[in-house]
Amino acid sequence: MYSVLVQETPMALLQLLKEHSSLFAFSLLILLLKFIYKDKSRKRRVKLPPSPPKLPVIGNLHQLGNKPHLSLRCLAEKYGPIIYLQLGEIPTVVVSSARLAKEVLKTHDLALSSRPQIFSAKHLFYNCTDVVFSPYGAYWRHIRKICILELLSAKRVQSFSHVREEEVARLVRRVAEFYPGTTNLTKMLGLYANDVLCRVAFGRGFSEGGDYDRHGFQKMLEEYQELLGGFSIGDFFPSMEFIHSLTGMKSRLQETFRRFDELFDQMVTDHLSPKREKEEHKDLVDVLLDIQKKESTEMPLTMDNVKAIILDMFAAGTDTTFITLDWGMTELLMNRKVLERAQAEVRGVVGERRVVLESDLPQLDYMKAVIKEIFRLHPPAPVLVPRESMEDVTIDGYDILAKTRIFVNAWAIGRDPESWEDPEAFEPERFIGSTIDFKGQDFELIPFGAGRRGCPAVTFGTATIELALAQLLHTFDWELPLDTAAKDLDMTEVFGITMHRIANLIVVARPRFP
């Protein structure tokens, strides 16, 4: 669910070069000599995937552009669905078709199940001891098992149904308050996503203020997203990692980590306090602390492990819910017939009841098709979190050497004309009668990844999205402001750890019920 290619790569790189030109010149000279020596000393001939021309030292970094998912699709259209890039010091393979995604995520899943050590992730996620960024091994298998069996099981997801229902009701009240004026729906959806995950993870919301909010939680999240999704030269030139101390990147990471760690320490202290009121339903911190207390295995969880897992759950979950709902409502307002059909279905199932129940959701086939179409065109992470090969493998006749970084362009796969008819059109009808799903078995549609590294929170995320979308469709009639035409909505993407719309969605939401 994260994407960690660079944001505004060329500009960031040029700014760094400008500020530290002498140091970079010396460092790049060393790298150039190193590359020349490496090329001359290579003894074994290998058959690498097709590759565009590269520059000395930086390799193909300059070809990523401001929106790497688009640049990589353009390269795939020219060189094929599997390409080789030299991103600084990092050998990289990018796949952009469902057939080859299956090779990476299923056929060679185990051999390609590790993670590269991302500079920002090491500093934010307790030295990569979370589920997403931890390298493959016994520890990762242990914490993933905890996530699947304890934190995100079907029973656990169901136990949080009251949280989803209460937060959806709060979302509806917030939106209704602005009628007959306009509503910044993007902001409302962001509050909903944050509050659901905060209550599930920590036992309380944040948008209403309180003790935790004095830490500036929302600002911390924004800084975290910027740091994790921004350009980090150490990720492509590991031998030059020392430069982060000079550019200020390392100090920013350390300060953001310190603030999160302080907040998590307070949360854990609150949960362990004997004066804390017993909650009817345990939150995720409760569950992890119980596991930590009971575990007698050779691999007990440390408190830092607990905090890393919680940050993972929260960071991944909020963005997925928010982005999907924001893109979804935007697409529906641009496609009025789809909106009307989805509303008619929901209202036909729910009737005159004001509240959509989770038991209504299995009957909403067309709305589920709408959500699949949102995931196809706007996967939260356009490029899946990179994998790293643990051994040599062969894909499509090409040699993929150990320690190669592997990117899967989920955005390009969702728009591949080899897999989809009229791929740029928003047409949920394509999923009616289709067995294609987004849970990792159909490689044409992989917004949550697949295989061992697939997102374990699919069930939770889907429930959070479906209930909110159904209730919004049921409760309100939706229009754009009089001065805004659907064709003029800004669909510009902001590429980072996830892919947001650059503009807020401003709407008029007319309540159906008094």
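The backbone N, Cα and C atoms fix where each Cβ goes, glycine too.
Over in Swiss-Prot, the protein carries these features:
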type	residues	note
TRANSMEM	20-37	transmembrane segment
CARBOHYD	Asn127	N-linked glycosylation site
CARBOHYD	Asn184	N-linked glycosylation site
BINDING	Cys455	heme binding site
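The two recorded residues, Cys455 (heme binding site) and Asn127 (N-linked glycosylation site), have Cα atoms 20 Å apart. Taken residue by residue with DSSP, Asn127 (N-linked glycosylation site) is part of neither helix nor strand, so it is coil. When the Cα atoms are compared, Asn184 (N-linked glycosylation site) and Asn127 (N-linked glycosylation site) turn out to be 37 Å apart. Neighbour density for the residue listed as 'heme binding site': within 10 A of its CB lie 27 other CB atoms from the protein chains shown.
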